[in-house]
Each structure stands twice: as structure tokens, then as C-alpha cells.
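> Could you have a look at this structure, given as C-alpha cells, before my questions?
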Amino acid sequence: MTRFRALCMLYASNALLMAVSSLTYPVIPLYIVGRGLGVTLAGFVTAASSLVSLVSQVLWGYVSDAIGRRHVVMLLGSVSMVLFSVLGLMLAGNIYGVVVSFILLGFGGSAIGVSSYALVADLNPGELGKPMGWYWASASFGWAFPLLFAGFLLRCYGIISIYVVVLVVSLALLAISTSLSFLLTPSNSLAVGGRRSFSAKPLLNVLSNARFLVVYISSLLFMVGDVVKNIYVPQYYAYVAGLGEETATTTLSLASWFEIPAIIAISRLLQHGNTIYIYAFSLAAMSLYLYINTFVESYAGAAVAMAMYSMVWASYIISTSVLIVEVVDADSRGTALGLNSSSFALASIVSNAVLGPTVEILGYTQLFKTLSAMLFITCLTTLTTLRSLLKRQDVKRLKA
């Protein structure tokens, strides 16, 4: 029962964390573009935010491995999010204040995301499919719900209303993290991990793992597609297809609502032998999703495209979550999950610095087509490589 309570807290924390992301990650760039400051500036602001997330995800993942107390990392992240939310609320009248608080929120959020992610695996040493399914289904719910009203709040009440909601959600995260810290104290029978030491071993173990590197590199390109889905597809819907800002954010929400049953369903289909095939499917599905968006010109088309994305994300997030845990040892788990989570931040840094100017030169549809082709090639290459590495591992095991 205590383990169940801890898992429920982790699911709730992930939902709240993603709620903050959905209130800021697509909305702040829309706010910048809507004020006439340009797509390029919006891209560079998002890239700066992602740089902070990239560094902090790797850092917090490593720290959680080193101290062996992931719940403490969660608590520190929650405190940081409250402080930066207050900063955003105080500076909401200034575009520079909005940008700075948006960037800094990623620091605290990374601590919560990486540590809660690893804690789910720590609390479930056996079958991971279903627990990870509920963990990511809660994330989709957290992402989807605020998008129903984020565009309305931005249009009617301004950016300050966004930061009011972000502060309330951050306070709820702090309450959950505090409760979880008491539940997972060393004196409690549910305590996981233990005090270790700071060394380079976890990072070296991960970086020398060929299967992890294949998953990480292909995840990086997948996440470029996800950046396009969250930033450039809404801009395309709102300002090129002429569907408006509210439709742009609402369609993002639609995809996430469909993700919830899709994630739960795929988590039940996932088995040890088919994980790499489900992962390859996610890469191919992302390729198809981007290509389909080149034809979107109506509300119905946008809804169908975003609904399709539910299977793209569900197959990706479940398969990678299980793959990473399978290919690294428990002592390096936080570092590996932190690195893998940072693939989105790294993709955002690179893609927003490059894709913003690319859109202004070539247009949105040409961008979608190019990335679609690249992802399809990545799908074939990744599947072939992972199967080859798996066969080599089986041969070594038989010889041993």
C-alpha cells in the first residue's frame, strides 16, 4: 500500500510538471510571435530555455545517482520552481522578465522530471511496462488539460494569468515532493537507493554503452520532430493556415487526450522481445505525422493530424523508458535517464537556432517534408543497428 501511495505521488508530480510545461513551452513563443517580435526571436528564447534544461537534466540525474536519494532532488527542484514562478509573476509586465523566468523554470523542472522518472524504475525492479504507462499517461493528462484554456488566458488576461496558474501548480508540486520525502526516508521500509559517492563511473558506463548511444542519437532526431510539433506546427496552424491561436493550443491538447489511452494500451503490449520494434515504429510514425501536416488547411485536418500524434508519442515514450532501464545498470540509471531526457533540450537548442531562420526562408511545409524524410531513414538505420547489437550480445552470452 505504501509503495502504491509513492507511485501515485510520482504520477501526480509528473502530471503537474507537464502542466507547467504546457502553460509555458508552447505559450511563451506564441506570446513573443503574437507581439510581433518574430519567429527567430521565439526560437532563440526556446533554445536558451532548452540549454538550461539540457545541463540541469544531466546534472540532476548524476546527482541523484551520487547521493542515492532521488526524493531529495525532487524536493530541491520543487522549491526552485516555486521561487522562479514568483519571479515570473512579479516580472510579467516586462518581456525580459517573462523570458528569464521561462528559462529558469526549466532548472527546477529538470530535477523533478529526472528524479521522479528514475524513482518509478527503482520502485518497480521487475516489469516496467505498466508503471511507466501510468507515469507517462499522467504526463499526457497534465500536458493536455491546461492547453484547453491557455490560449484563452493569454488572449483575454495576458501573460500574467499564465504565471498565476504556474505558481499554483508549483506550490502543489512542492506539497507532493515534501510528502514523498517523508514517505521515502531512510528509516522507512520503502526507502530506495542509498548514499553513494560522486565519481565519473555512472557517466562513463553510460557513454560506453553502444545500445544506449544508438537510442540516444535516434531519440535526438525524434525530439527535433517533437519540437516542431510543439512550436512550429502550432505557428503554422495559427498564422499560415489561419486557424487562430486558440485552435493551435487546443489541437495540442487534443493530441495529449488521445495519448492517455494510447500509452496505457501500448504499455500492456510491450514485452521484452518487442521493445525495439515498438521504438522503430515510433520513429516511422513521427515521419508520417510530419508529412501529413503539409496538407493541413482546415480545423478537421489539424484535429486528425494531432490525434494521430497520440500513437507517435505513446509508442516512443513507453519503448524508450523501458529500453534505457534495460540497457544500463541501476547505479547509472539516473544519469542515463537524465541524458535521455536531455535529448529534447538538446534538440530544442539546435533546432530552434536553425529552424526559425529556415522557416522564414523556405516556409513551414518544406521544413516538415525534410524532417519527415530524415526520420524515415533514421527508423531503418536504428532498427538494423539495434538488432545487430542484440545478436552480438546473445552470442557473447552463449560463449560465456
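From the backbone N, Cα and C atoms, a Cβ is placed for every residue, glycine too.
As the structure is a computational prediction, the values presented were derived from the model and not from experiment.
For 1-396, the entry in TrEMBL reads domain 'Major facilitator superfamily (MFS) profile'. Taken from TrEMBL, the feature transmembrane segment applies to 38-60, 72-92, 98-120, 132-154, 160-183, 203-224, 276-292, 298-325, 337-355, 367-390.
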> Tell me, please, if the transmembrane segment (38-60) and the transmembrane segment (203-224) are in contact, taking contact as 3+ Cβ pairs under 8 Å between residues separated by 6 or more positions?
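Output no: the transmembrane segment (38-60) is apart from the transmembrane segment (203-224).
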> Could you tell me whether the transmembrane segment (367-390) and the transmembrane segment (298-325) are in contact, taking contact to mean 3+ Cβ pairs under 8 Å with a sequence separation of 6 or more?
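Result for the transmembrane segment (298-325) with the transmembrane segment (367-390) is no.
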> Is the transmembrane segment (132-154) packed against any residues at least 6 beyond its ends, judged by a Cβ distance under 8 Å, and which are they?
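Tertiary neighbours of the transmembrane segment (132-154) are 7, 10-12, 14-19, 21-23, 26-27, 30-31, 34, 116-117, 120-121, 161-162, 165, 245-246, 248-250, 252-257, 259-260, 263-264, 266-268, 313-314, 317-318, 321-322.
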> Counting Cβ pairs under 8 Å that sit 6 or more residues apart, are there three or more between the transmembrane segment (98-120) and the transmembrane segment (337-355)?
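These two stretches do touch.
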> How about long-range neighbours of the transmembrane segment (276-292): same chain, 6 or more residues beyond its ends, C-beta under 8 Å?
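Those are 215, 218, 221-222, 225-226, 228-229, 266, 269-270, 304-305, 308-309, 311-313, 315-316, 318-320, 323, 368-369, 371-373, 375-376, 378-379, 382-383, 386-387, 390, in sequence order.
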> Give me the mean pLDDT over the domain 'Major facilitator superfamily (MFS) profile' (1-396), rounded to a whole number.
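Result for the domain 'Major facilitator superfamily (MFS) profile' (1-396): average pLDDT 82.
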> By Cβ distance under 8 Å, which residues at least 6 away from the ends of the transmembrane segment (203-224) in the same chain are close to it?
62, 279, 282-283, 286, 316, 320, 323-324, 327-329, 331-332, 335-336, 339-340, 343-344, 346-348, 350-351, 371, 374-375, 378, 381-382, 385-386, 389-390
> Are there residues at least six beyond either end of the transmembrane segment (160-183) with Cβ under 8 Å to its Cβ atoms? List them, or say none.
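Sequence-distant neighbours of the transmembrane segment (160-183): 2, 5-6, 9-10, 12-13, 16-17, 19-20, 23-24, 27, 71-72, 74-75, 77-79, 81-82, 85-86, 88-89, 92-93, 101, 105, 108, 112, 146, 150, 153-154, 190.
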